[in-house]
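Worksheet: the structure to be examined is printed underneath.
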Amino acid sequence: MAAKTYDAGVKDYRSIYWEPQYQVKDSDILAVFKVVPQPGVSREEAAAAVAAESSTATWTTVWTDLLTDLDYYKGRAYAIEDVPGSDEAFYAFIAYPMDLFEEGSVVNVFTSLVGNVFGFKAVRALRLEDVRFPLWFVMTCPGAPHGMKVERDLLDKYGRPLLGCTIKPKLGLAAKNYGRAVYECLRGGLDFTKDDENVNSQPFLRWRDRFLFCQEAIQKAEAETGERKGHYMNVTAGTMEEIYERAEFAKEIGTPIIMSDYLTVGWAAHTSLSRWCRKNGMLLHVHRAMHAVMDRNPNHGINFRVLAKILRLMGGDHLHSGTVVGKLEGDREATIGWINLLRDRFIKADRSRGIFFDQDWGPQPGLFPVASGGIHVWHMPALVSIFGNDSVLQFGGGTLGHPWGNAAGACANRVALEACVQARNEGRHLEKEGKEILTKAAQSSPELRMAMETWKEIKFEFDTVDKLDVQHR
């Protein structure tokens with residue numbers, strides 16, 4: 001029996017939108033999709049259909065086509081490549097002209113690129129793997145409110161990763177107990193503590209009470225340690241008016257940094273908050289809650305490298321980027337690629353890290369990648385090696401789970417971090433010599449010694465689901 005061809009709703013896009021001879025322009029927005037076509041649909045037709053449905057086309061010819069220059073405005077599928085290890089999927093490279101999009105609007109770009117086309121019958125699965133944003137578009141977007149250099153100057157902390165902790169349990173603590181947990185962590189040696197992504201303003205922990213107790217903890221810890229401290233106060237809320245109210249209150253009481261869940265709050269709302277942070281001198285920590293809904297399926301959705309680029313355009317000073325070694329999803333080479341996309345000014349295409357296009361960020365400042373999720377002191381050598389200085393290493397259970405309490409857990413992490421940074425600066429190989437480095441440091445730190453004993457058997461053995469395609473290893 002012949003394979004079914006999906007004719008309904010599909011016109012001959014190949015003759016119009018497939019242009020293998022097209023020479024891409026510096027001003028084009030470029031995208032690469034992983035496409036699994038329906039049976040009976042050729043690669044060229046499927047690629048052209050994606051280009052058409054994500055730009056100018058509808059399912060049939062309409063008379064108003066004659067009132068514009070469709071050849072100027074259309075997206076063009078200009079190349080096709082095999083996906084290593086797959087007999088069904090292929091990469092489709094598509095170029096979009098600059099006038100197809102509103103300047104500075106990530107929302108507008110992705111309404112086209114990942115809009116109706118993802119439900120199109122000609123394709124069985126579709127994944128946006130990478131996007132090249134030309135400099136003209138980058139320069140019209142807000143970017144990071146402040147960036148890494150400004151934050152280091154504000155904190156007066158240089159030469160090492162910043163150290164943080166997510167307060168646990170993530171839900172259920174009353175405001176006074178929550179503030180006490182923050183204080184213990186900060187006085188123990190952490191730079192920051194953090195609200196978890198789903199801490200907003202629940203009945204047991206109203207946002208105003210949380211902010212006040214956390215700010216009291218910050219001020220007390222700063223007075224005792226002589227260091228600048230902070231707590232990422234999550235201002236995410238159900239309306240933009242509530243978000244601004246919470247942000248204004250955080251500014252009023254003197255906190256240096258607030259937090260947003262950029263995917264669940266919405267891209268327009270997050271961009272507005274980012275602009276507010278720049279105007280008001282507030283740092284912005286960004287959580288990626290909901291990302292795995294879009295990026296974990298290797299055949300359908302949006303790769304996290306695209307979501308990371310979106311955030312860099314919209315604005316944030318920190319973004320969670322995976323850990324490689326913790327409990328959450330994160331292929332090593334792919335994660336290093338994401339880290340580079342967040343921090344560096346210019347990134348060369350590098351298929352070994354999953355990066356399909358050169359990306360020039362111009363003068364936009366880089367932001368701190370955040371490692372968080374199931375990490376503890378035994379992971380410190382690998383984290384310092386993978387992430388380098390310009391990063392935030394965030395230990396939740398790996399701080400608060402210390403048998404001697406939060407302050408001891410924070411102290412253990414700080415001692416481990418400084419030992420690893422010193423060893424690295426001496427030229428030692430952290431991932432090969434990590435155990436020896438930590439063991440020596442623990443000789444003068446009972447807190448670290450107890451942390452190492454507590455978590456020596458803890459491992460997360462599950463493999464990564466979303467891996468880089470095998471050919472590029």
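Heads up, the Cβ atoms here are built off N, Cα and C, so glycines get one too.
Note that the structure is a prediction, hence the values are computed from the model and not measured.
According to Swiss-Prot, the features are:
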type	residues	note
ACT_SITE	K168	active site, proton acceptor
ACT_SITE	H287	active site, proton acceptor
BINDING	N116, T166, K170, R288, H320, S372	substrate binding site
BINDING	K194, D196, E197	Mg(2+) binding site
MOD_RES	K194	N6-carboxylysine
SITE	K327	site 'Transition state stabilizer'
K194 (Mg(2+) binding site) and K170 (substrate binding site), distance between Cα atoms, whole Å: 10
Distance from D196 (Mg(2+) binding site) back to S372 (substrate binding site), taken between C-alpha atoms, in Å: 11
Secondary-structure category, per DSSP, in which D196 (Mg(2+) binding site) falls: coil
CB within-chain contacts under 8 A for K168 (active site, proton acceptor), separation at least 6: D196, G396, G397, L400, G401
Three-state secondary structure, which DSSP defines for K168 (active site, proton acceptor): coil
Residues N116, T166, K170, R288, H320, S372 binding substrate per the record - widest CA separation, whole Å: 37
For R288 (substrate binding site): intrachain residues, at least 6 apart, with Cβ closer than 8 Å: D261, Y262, L263, F304, L307, L311, L319, H320
Sparsest Cβ surroundings (other CB atoms within 10 Å) among the recorded positions K170, H287: K170
Rounded Cα-Cα span from K194 (Mg(2+) binding site) to T166 (substrate binding site), Å: 5
